[in-house]
Amino acid sequence: MKTLLLTLLVVTIVCLDLGYSLKCYQHGKVVTCHRDMKFCYHNTGMPFRNLKLILQGCSSSCSETENNKCCSTDRCNK
């Protein structure tokens, strides 16, 4: 009986993937986000005429604007 319960517990953990963390691009590399970070962001700006600034990473909250794009799936902020 204990073996059956243990097997069911292991199967449940594997199926639910309790340790899942979002993966986002940050500085051109894929990073694993902290558990409370549910969004990837991609922010583009031009602080100077000939300089395009791109910021990418993980965020716990995200507001979408013209320059800031938000998404919630792995590697979606390229």
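The backbone N, Cα and C atoms fix where each Cβ goes, and this holds for glycine too.
Annotation source Swiss-Prot lists disulfide bond at Cys24-Cys40, Cys33-Cys58, Cys62-Cys70, Cys71-Cys76. Feature annotation from Swiss-Prot assigns signal peptide to 1-21. According to Swiss-Prot, the site 'Important residue for inhibition of rat ASIC1a' annotation covers Phe48, Arg49, Ile54, Leu55, on the basis of experimental evidence.
Recorded features from Swiss-Prot, shown on the structure.
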| residue | record | contacts (Cβ under 8 Å, 6+ apart) |
| --- | --- | --- |
| Cys33 | disulfide bond | Ser21, Leu22, Lys23, Cys24, Cys40, Cys58 |
| Arg49 | site 'Important residue for inhibition of rat ASIC1a' | none |
| Ile54 | site 'Important residue for inhibition of rat ASIC1a' | His42, Asn43, Thr44 |
| Leu55 | site 'Important residue for inhibition of rat ASIC1a' | Tyr41, His42, Asn43, Thr44, Gly45 |
| Cys62 | disulfide bond | Phe39, Tyr41, Asn68, Cys70 |
| Cys71 | disulfide bond | Phe39, Cys40, Tyr41, His42, Asn77 |
| Cys76 | disulfide bond | Cys24, Cys40 |
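Within the group of disulfide-bonded residues (Cys24, Cys58), the Cβ with the highest number of other Cβ atoms inside 10 Å belongs to Cys24. The disulfide-bonded residues under consideration are Cys40, Cys70. Their Cβ neighbour counts within 10 Å are lowest for Cys70. The number of other Cβ atoms within 10 Å of the Cβ belonging to Phe48 (site 'Important residue for inhibition of rat ASIC1a'), over all protein chains shown, comes to 8.
Secondary structure from DSSP puts Cys40 (disulfide bond) in a beta strand.
DSSP gives Ile54 (site 'Important residue for inhibition of rat ASIC1a') a strand state.
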